Amino acid sequence: MPAIMTMLADHAARQLLDFSQKLDINLLDNVVNCLYHGEGAQQRMAQEVLTHLKEHPDAWTRVDTILEFSQNMNTKYYGLQILENVIKTRWKILPRNQCEGIKKYVVGLIIKTSSDPTCVEKEKVYIGKLNMILVQILKQEWPKHWPTFISDIVGASRTSESLCQNNMVILKLLSEEVFDFSSGQITQVKSKHLKDSMCNEFSQIFQLCQFVMENSQNAPLVHATLETLLRFLNWIPLGYIFETKLISTLIYKFLNVPMFRNVSLKCLTEIAGVSVSQYEEQFVTLFTLTMMQLKQMLPLNTNIRLAYSNGKDDEQNFIQNLSLFLCTFLKEHDQLIEKRLNLRETLMEALHYMLLVSEVEETEIFKICLEYWNHLAAELYRESPFSTSASPLLSGSQHFDVPPRRQLYLPMLFKVRLLMVSRMAKPEEVLVVENDQGEVVREFMKDTDSINLYKNMRETLVYLTHLDYVDTERIMTEKLHNQVNGTEWSWKNLNTLCWAIGSISGAMHEEDEKRFLVTVIKDLLGLCEQKRGKDNKAIIASNIMYIVGQYPRFLRAHWKFLKTVVNKLFEFMHETHDGVQDMACDTFIKIAQKCRRHFVQVQVGEVMPFIDEILNNINTIICDLQPQQVHTFYEAVGYMIGAQTDQTVQEHLIEKYMLLPNQVWDSIIQQATKNVDILKDPETVKQLGSILKTNVRACKAVGHPFVIQLGRIYLDMLNVYKCLSENISAAIQANGEMVTKQPLIRSMRTVKRETLKLISGWVSRSNDPQMVAENFVPPLLDAVLIDYQRNVPAAREPEVLSTMAIIVNKLGGHITAEIPQIFDAVFECTLNMINKDFEEYPEHRTNFFLLLQAVNSHCFPAFLAIPPTQFKLVLDSIIWAFKHTMRNVADTGLQILFTLLQNVAQEEAAAQSFYQTYFCDILQHIFSVVTDTSHTAGLTMHASILAYMFNLVEEGKISTSLNPGNPVNNQIFLQEYVANLLKSAFPHLQDAQVKLFVTGLFSLNQDIPAFKEHLRDFLVQIKEFAGEDTSDLFLEEREIALRQADEEKHKRQMSVPGIFNPHEIPEEMCD
């Protein structure tokens, strides 16, 4: 069967690609059908045939036949793809008469298809694609080869309403292509010319839009015109907006017509966002007229929340657009309206609408409103941060030190506070949630959207609290009271209230905070006793834990309360409801970090530090926790121990702290000494992994002083490492590499990994590099390096590489002497694992380059000490890195290269031979990634490296000849070398283009943003064949701009004494 398929495909391909005979349209339709409706091999064959045909340089000559005779819409779309391809890439090399022919054909086809209203509706997608083709032609032809385009399209629009409607779409697409999407699609100079042409000829387009809006009764045409106008508003000269009847037409004629209200409101929003001072009156008019219309369309007493939930799509869109309009206008022009006393009421009405819209149960709309409330609260606070925040309404007498703007917004801010408290989003720390089925469960996936919403709401509520903390407290206390008495009790209400209470930590005066919090925690603890049922208790517990975790200042100041809270957390650690134990451990660690010192001091009324109580009862506290929760608990206690400053006391605490894990560890080591096979027992290996994880977390918290515990287990741990390595190797030899997937082998590898994590974690926190280098590094290298080298690739631990990287980063010069030994063991064998492709061993890949980066940054002399063959491998691997498809690896590769180049420049002895051997090579490889579209993300770094390299040559830092065979001035050589390199890679470029590009590489090498845009322009040019006519590349203009840039650079340099060699200074300046 596959053989027959191949024959058929070959036959189809031969027939379709034979341009000497007529196109068999039925055959083409069949192949296209195969692509869309076939499966497997059949589909792949069709894809191959169509790709071959599309890439054929003469394929475009078949497009008219395809569009005219094909019965299949997909085939027509395929024909348009061919046409688009030729316009974008080969237009400049087509003879003029053929360009004119294609242009006439496309215009004719659009006129024919769009003149018939029924056809327009039926073939919407097809016409849309034809329009896009025309716009691609315009980007090549207009204004030079088609100066009359704007008057042509405006003239044609007056002949037929249906045609006019489609022409509006074409103008809208052209505007988008030139003003919104031009970056990276057309060169900067060409983009500027197209923008200038659009602005210069806009009056004709504007008159057409005005004519339609004033005279047409054709609703779809008017709608299309408004949509097009919307796209123009962000770039047209402002006179067209503010010195014509446009604003009043939009408001009076279209805003209250259901079909046009959404697009009209979007237009008004776009205008509202303009920031200029000379049109103040027009903005006031815009605001007052829009508000008048709004009150007719949507009376102020409307329940917008209800209207939204019952509304149709376009009604819901209208409410969203309304929020955008109000938010945009008020953020930009609120002070303009505030100044006018006669508009105060209108301003309050606008804020009332904002409040009503803020209550709509739709997150996207709420985010828009929140943006405004945040802006307003922040502005009012920043104007006078230290004004009293007591509420004048509550304190009975008028406070004259409340700033006037604040007074104006006061009544509204009461309502906004209530809104924020009632709608507070879920913070990241809360793990116990109610799911869609109404069950209380542990949340596993973090919702970044919800976290961002929480952060913005938190910030807004903090500002609102600063503006009037009495009111904030009143709202929260009342709402809490209603939870306790049951009138507002629900999980959702309790959650949002507690999340809001937690979010204002630090925004009240300390005394007020204390009074408020004591009430809150007492009420919540009471609620916990009062409510029955595990779910209720879990929700209340999660809220108590969240709030206490947010108020470390309060806890630090009130020891009794802190102790009560921590004991309550220990209670929750026995509560097996989903998520409660996790949250108890997470809250405990937060409190431990923020209040660490209080646990190691003897507090008033206590006989010993609380840490001793914890360590005495540690067994009882953690007996119901899961292993990973125990690890979190150990980390928390570690922060407390880390705060003890008396070394002797601290060492005693560490011994007591690690007693439980050490007992199990010692027992396993003793058994292993008698019978090493115990290290093949699954349960034992699992225990070892868990003990080491505990040590890792403890070390992370205690820091350098953990050395006393590390030293105690260090050599045994490395022996276990070696022993497990041998077990793994033996298993692989006996059963092949698949054995690494088995649970026991995976547990053994966990032990190895955790060993490396413990060592690297401690080294990164240590403070005595010499002691580490002398006592800890030698046994480590002995245990891990040879093992890594000997292992089969699948069994090599990527952590070995990251551990070495951490050691190099931390110890710097202290470890330089060991680098050759480390490299011998890990460099080549890892490189052979990752240089076959870009996918396998992703962790080894990342860590390998992190190690290279560490050596490059901290032990660069070691690079110069390794043999030349190995250094070449290092450089090859850096080049391999920046060509990577994995973004993080490519970025690391570029950073290593840049640092390497800068380091080499400091090494006089090695620099010149390095440049002679590698400079041109590196340049060539950098250009290969610059011109590779899959690497555009790295363009800034490419620009920095290239600019640095060209600058080295220009400033004469490279004294050796880059071309020993024919020694000429390096700058002249480099200009020719790069020009030839680019010409051979892109033979379709004209000499003038290449010459100008190379000139820019020298002129702009001290202005990275300009250098980067210069590269981006070049990337646009290599996509298309330029032909003889390069006028629309505006090379002369670009040349003048580059010359100016060069002169500017020269002037800047002249102003720095000594920057130029005395022989480079012009004669008249020598005197």
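Here the Cβ of each residue, glycine as well, is placed from N, Cα and C on the backbone.
Worth saying up front: this structure is predicted, and the values here are computed from it rather than measured.
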Which listed span Swiss-Prot calls region 'Necessary for HTLV-1 Rex multimerization', if the choices are 411-414, 731-734, 851-854: 411-414
Per Swiss-Prot record, range annotated region 'Interaction with HIV-1 Rev' [choices 800-820, 821-841, 905-925, 989-1009]: 800-820
Listed residues Lys112, Lys446, Lys479, Lys872, with the one flagged N6-acetyllysine by Swiss-Prot: Lys446
Position flagged as phosphoserine [Swiss-Prot], chosen from Ser389, Ser690, Ser747, Ser1031: Ser1031
Annotated N6-acetyllysine residue, as Swiss-Prot has it, among Lys139, Lys594, Lys674, Lys693: Lys693
Close approaches to the repeat 'HEAT 4' (515-553) from elsewhere in its chain (Cβ under 8 angstroms; 6 or more beyond its ends): 427, 429-432, 434, 439-440, 473, 476-477, 480-481, 483-484, 491, 494-495, 498-499, 501-503, 505-506, 508, 561, 565, 568-569, 572, 575, 577-580, 583-584, 586-587, 590-591, 594-595
Neighbour tally for Ser450 (phosphoserine), based on other Cβ positions within 10 Å of its Cβ: 15
Cβ-Cβ under 8 Å with the region 'Necessary for HTLV-1 Rex multimerization' (411-414): same-chain residues at least 6 beyond its ends: 348, 351-352, 355, 377, 464, 467-468, 471
